[in-house]
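According to Swiss-Prot, the N6-(pyridoxal phosphate)lysine annotation covers K35, on the basis of sequence analysis. Look at Swiss-Prot and you will find K35, Y257 tagged as active site, proton acceptor, backed by sequence analysis. Among the features that Swiss-Prot reports, substrate binding site is placed at R130, M305, with the record citing sequence analysis.
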Amino acid sequence: MYRPIRALIDCTALQHNLSVVRSHTRQARIMAVVKADAYGHGLLRTTQALNTADGFAVLELEAAIQLREAGFNQPVLLLEGFFSAEELEAIDHYQLSTVIHSHEQLSLLLAHRKTGKPDIYLKINTGMNRLGFRPEEESYVFNRIRQWRSDTSITLMTHFSCADDALEADQVNQQLDQFAALHDVKENNLPQTLANSAAILRYPGTHADWVRPGIVLYGASPLPDKTGIELGLRPVMTLTSQIIAVQQLDPSDRVGYGGQFIANQPMRIGVVAAGYADGYPRHAPTGTPVLVNGQRTRLVGRISMDMLTVDLNGISEAGVGSPVTLWGEGLPVEEVAKSAQTISYELLTALSPRVPSISIS
């Protein structure tokens, strides 16, 4: 007997969402971002469904190697680059693309004897202030790399800090202006990649040669004022479970740790096999939406490690074994995230390894 919690992964929804991205970016190539185990959806399952993408972006060298060994021949980009000379050897061997964002990485690169043709993404810090060379350093770094290997393929890259916020267009435009002013954008017409999911949707002028969609591929919105459904996307992950017990409450009965929820009338509650050890947000408050038998209801009381409780008043047919949707089909993950005062990215990527993940189509 297995606990009934499951993450159902709809691979046709992945393909649909990729087609939505293509409809927004008809000329740009698509670098599908599959870091963090494809945002919790499973790396190989996701890349197989997205096999028509023009490239993939990951964080760890191990994930990039896994894609190569699975037979993917598209460019595979390491978003944080490399951390040692040994990793550069592996990048060479597996013909991977790599970001370079620091002088430490540049020094390692220049000391490396590479046999294949290098594919470098030169990251420029235009205002995110996280990774990247300052704009005034770009020409120097570019020239050092070309002196090292004149046949090096170099793509210029930056990342927007506020593309999701409609009130921050000035910041986006300021970053875009800094990028456009780079010496080698003007002089050498280098390939460029700027747009993340939010910029793909809000700023078509940023699409350039490569776009880097992430959250939109998984059916969730990068925009705070819209859900994925409203953007024409389909949810890929549906987190489901079942009711495993029912309790009848009298007025003034309290529920869960701390007794924070107090019944103000006779009511039935269902105990659901899902908790924070499964990746459900512990701080989700009473009132967070849940579906039971496809009907909308609410969480009541605190989330426990392995269980949570839901209001069954008005759902008279619900009982032990009734299906519960925690997010996904019929219940946008953005709604749950907003109630828990977090973001959909965190919910999807925080799914626990103990939750079985099942492909559906």
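Every residue gets a Cβ built from N, Cα and C, even glycine.
Remember, it's a predicted structure, so these values are computed and weren't measured experimentally.
Known features from Swiss-Prot, placed on the structure.
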residue	record	Cβ contacts under 8 Å, 6 or more apart
K35	N6-(pyridoxal phosphate)lysine	A57, V58, L59, A63, L79, G214
R130	substrate binding site	H159
Y257	active site, proton acceptor	G301, R302, S304
M305	substrate binding site	G275, Y276, A277
Simplified DSSP label at R130 (substrate binding site) comes out coil
